Protein chains: 2
Amino acid sequence: MAGRSSNKVDGVHETSITIEGDHSTMEEEIHKVCLPPNKTIFQSIKHNFSEIFFPDDPLHKFKNQKPSKKFLLGIQYFFPILEWGSEYSFKLLKSDVISGLTIASLASPQGISYAKLANLPPLYGLYSSFVPPLLYAILGSSRHLAVGPVSIASLVMGSMLKGVVSPTEDPTLYLKLALTSTFFAGVFQTSLGLLRLGFIIDFLSKPTLTGFTAGAAVIVGLQQLKGMLGITHFTPKMQIVSVLSSVFSTTKEWSWQTVVMGMCFLIFLLATRHISIKKPHLFWVSAAAPLASVILSTVLVYVLTPHTSAISTIGHLSTGLNPPSANMLSVSGTHLALALKTGIVSGILSLTEGIAVGRTFASLRNYQIDGNKEMIAIGVMNMAGSCTSCYVTTGSFSRSAVNYNAGAQTAVSNIVMAATVLITLLFLLPLFHFTPTVILAAIIITAVIGLINYQEVIKFWRVDKFDFMTCLIAFFGVIFLSVQMGLALAVGVSIFKILMNVTRPTTVVLGNIPGTQIFQNVGRYGDATRVPSFLVLAIESPICFANSTYLQERILRWVREEEERILANKEQDMKTIILDLTAVTAIDTNGLEAIVEIRKMLDKRSYKLVNWKLQKILELFGGKGLYLTVGEAIADISKRFKIEV
Amino acid sequence: MAGRSSNKVDGVHETSITIEGDHSTMEEEIHKVCLPPNKTIFQSIKHNFSEIFFPDDPLHKFKNQKPSKKFLLGIQYFFPILEWGSEYSFKLLKSDVISGLTIASLASPQGISYAKLANLPPLYGLYSSFVPPLLYAILGSSRHLAVGPVSIASLVMGSMLKGVVSPTEDPTLYLKLALTSTFFAGVFQTSLGLLRLGFIIDFLSKPTLTGFTAGAAVIVGLQQLKGMLGITHFTPKMQIVSVLSSVFSTTKEWSWQTVVMGMCFLIFLLATRHISIKKPHLFWVSAAAPLASVILSTVLVYVLTPHTSAISTIGHLSTGLNPPSANMLSVSGTHLALALKTGIVSGILSLTEGIAVGRTFASLRNYQIDGNKEMIAIGVMNMAGSCTSCYVTTGSFSRSAVNYNAGAQTAVSNIVMAATVLITLLFLLPLFHFTPTVILAAIIITAVIGLINYQEVIKFWRVDKFDFMTCLIAFFGVIFLSVQMGLALAVGVSIFKILMNVTRPTTVVLGNIPGTQIFQNVGRYGDATRVPSFLVLAIESPICFANSTYLQERILRWVREEEERILANKEQDMKTIILDLTAVTAIDTNGLEAIVEIRKMLDKRSYKLVNWKLQKILELFGGKGLYLTVGEAIADISKRFKIEV
């Protein structure tokens, strides 16, 4: 023990000299940790409030403007068309007409197909491709978003409503429910935007959405076997086991004519899709393919009809514009809750897709999308849509990509598309009479295959194992449980991860990088060396009720392990424990008590505890034992040791 | 503009010289940001797993021990009595007997009163003060915990069960439910301990518990007006409005004899409580008061009985030990769910109290309580209790304090207390025949007044406004809604706060403290000055899906505001943006994409983005533009500027 003790004294001398040397060359005085400027409660509440709800400072354009200018800016805020409309030129129109016609060729077949996904009559897909794009052109701020029905929202609405009401047995109630859900979706979306709660969609993280979308794609793809095989009696459930058992229990119903036709067109569609992926400038190949397939198959069936009736067709569609449907927006009791739930889930999903797509193309062209403003636009569009026989719509990823590639410059391409759909609704509907439903199934399969993003999943695995897990949970949840359960599970797991991060914050031992004032994790930086007689611990999270107990236990364990290490290596004793609180950005009452408790426990083992910078701790300790950097702490304390020794 | 431009060049020169000067005295080379040691997936999962479930490394005692020693330590782990039992001495016994008798004098009156809170027959309060303390003495690791029924858990169980089943109309079913709930509480507690999920109780933060307890105390206190005023028809509800209206709608039932007696004893009890608070060494005054009141009031009623029957008494209690009750542990259908819910809520609350009390006294005497082990002890105690006619028990705060003050040294004081209760159960029960129920109400009021901790609430207001709000929500939730709703609301708000902290992380602009390499928030440190042509932004939170969009928007806003500031002050242009990621302890896929996106957006404005240290970002950028400290980043980049200029 005597040897160790003399070692100790030597060590202290050496250390303090080294550090003192460093210290004197760099700075003479120890910097005071200071209190932040005093804020009144009102000021701090105002600050927090504006950080939560107005992080992007949306009113900054209005600052220092004349009232008349403010009014104009305000009108432009809600109707972006007034902003770009005045500068609209013939050159822009040319681009917009071309892109508008391109997406229109996609819109009709996809609209009809997605309506089928939502278990609605085909016409509602076309209605939904007419009114909403017009409204979005006036209200929306994205220049490339192609608006209309989308697969995910259609699928979710279809599966949630079908679970309670059969679309074949009670089509009127089903339609009422779909329109009411759309109305609620619009109300929900608008409220999120107006209340500036747009950040709620952030809780649908990328892994959640990737897994969810892939799961939904698999289910939808398998469900299309009904159409592809010509089965008439099929399960209404959305779960993989019942879908597959339904397929194989109805082998008698399979129609070979349908299968052959379906497979041919599916291969054709997939081939065009493949071409467009490989050669992006040939985007129009896959964009034109659905319409080409519809025309070709319709002609084929028309020619074949006298010979066979095995292939089911869309049948009669009555021409005419969207009928008003405000009178349909009423359901009672239990159905009201269903409509509300469906509205919220499909509303949030369609919002997520619309905003993500808008942001993607905005970023490519270097303009910004105001999320909350977009929510209001999409919400109003859906509320108005629900009164004009449209079900839930948003910006579609696939059509927006085509729109962008076809050279769309402004939302006018949406107007062109709507005009084309208008012509279809008024004059061209009889042409769809002989369109086989199998072609719709093939279009849906081609669309949903693009939703399975396996590269992204591989990336999750590489970047973050937990993200990978969340993605799998969403995927298998959707496949084996249900669309809603999968989504809820994945969101729950994501939130659980945040809570676990807070509950189990990282604590690391820091060491000095020789010749510098830099302190780094000794487990990571090989040249970071522990400063003898000091234990420097960094806490890397806010300290709050959820982790205060853990931190107490963990710090005591670090101290115990350090004691054991010192004993094993016969190093000099530990005298001071420095808590590096750089990464502790907040502390609550529980956290503060934990610090007091840790200090008390260490005092009993006759260690000194030194923290640095944190307003509340500052108030608690009155500036004693607080330093701005770990380096300063060690320098100052070593100096005092020397005096004591 | 020419003037500004020349300014700019000068500025750059000056800055770079200053920094270079600093730089050269301190260190010659820029320190490389390095990758952490490679871990296999299995290693990193193992590490995370052990941090989540074994932060205190409970098996560290077993390391490097012989198998026989390991076995002994294992047995001692589950039966702590074996650890201290072998060293037990006569001196310790003397202290334990004194403290045991002291808490026994409290246990009987409080047991009977708390059973009343849980709407159970008085005998069950005594039964619950007999078996559980004995078991805890064997299994528990706290030396000062006094075990038995407690007010909060009794109240919660009583109020949750009474909402569905009336204890007066169907006493057998009610009793069954209470015992089954106790069993479930035990199972839940044991599972938490065995699965090492003890951290779940941390989510009941101090503000939540303070508000909840105070709210429950107010409700319980008001409910005691039934006993204090001698009302016979009283509301079964636990909500302030119905309780108060019930009190004032039954003024006819008030009995003045009861009121006078109740008030006298209440004043007596409150006075003794006051004395013990003012002079802690007189703790025995308040400890003896309940028993003294019971004896005095019983004698009084016995004397008065021939003259009046206005004062209701406990009546006949049949002597005998706890009857076995395993056969009562079965309820069907809907009641099962109720029992489960009640078990979980009362289980978690009693666990929280027991562990908090255990930790408090352990900290005073400098020993440690293993939370998960305690949970197993309390859980087993409740499971066994439910088979021997005991309802939910835990360590009581008030009795443990008395126990500690009376000099308890080990859990033997619990055994002494249990022995005293045993004698009461076998021989002394007839003495309670004439005990007036009003005295029980007075005892409960005195106990619950101590639960209203207004000093703590003032502290919340001073330390953290949000904690204060959480506390109020719990309080008013309990008072105006229900016990469960208040608790659920407060926990929800606490979790919401964590999520908001993550969703809206702090970002601050850093400035250099002249003559040092220290960078601090310019808003807080007056002498921290912005480095010309640099914008240093610190992000103070992990970057994840919940805040990646926000951070993108917020950083762009900082850049925009900096541009405006520079324009207004005619300062030199900003060239480089440094992101200080010291406090970013984790990043997920969304976060990584946000960084890429921010970099892309800044590139378009021809700014350079420089981050420092973070493994995943390191992999992404391949070490380019990464520095260990802000100071190094500025020094290095300035040097390169100079060459360019």
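Glycine is no exception: its Cβ is also placed from the backbone N, Cα and C atoms.
What TrEMBL records for A:524-610 is domain 'STAS'. Residues or ranges marked as transmembrane segment by TrEMBL: A:145-165, A:177-197, A:209-234, A:254-271, A:283-304, A:375-394, A:406-428, A:434-454, A:466-496.
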Dominant neighbour of the transmembrane segment (A:177-197) in A:145-165, A:375-394, A:434-454, by Cβ pairs under 8 Å: A:375-394
Contact call for the transmembrane segment (A:209-234) and the transmembrane segment (A:434-454): at least 3 Cβ pairs under 8 Å, seq gap 6+: yes
Folded-back contacts onto the transmembrane segment (A:254-271), same chain, C-beta under 8 angstroms, at least six residues removed: 227-231, 286, 289-290, 293, 296-297, 300, 308, 310-312, 436, 438-439, 441-443, 445-446, 449
Cβ contacts the transmembrane segment (A:283-304)/the transmembrane segment (A:434-454), at least three under 8 Å, sequence gap 6 or more: yes
Close approaches to the transmembrane segment (A:466-496) from elsewhere in its chain (Cβ under 8 angstroms; 6 or more beyond its ends): 155-156, 159-160, 163, 203-212, 214-216, 218-219, 238-241, 345, 349, 457, 460
Cβ contacts under 8 Å made by the transmembrane segment (A:406-428) with residues that lie 6+ beyond its boundaries: 81, 84, 88, 92-93, 95-104, 107-108, 111, 126-127, 129-131, 133-134, 136-138, 140, 142-148, 283-284, 287, 319-322
The domain 'STAS' (A:524-610): DSSP-derived helix, strand, coil residue counts: 38 helix, 17 strand, 32 coil
Confidence summary (mean pLDDT) of the domain 'STAS' (A:524-610): 80
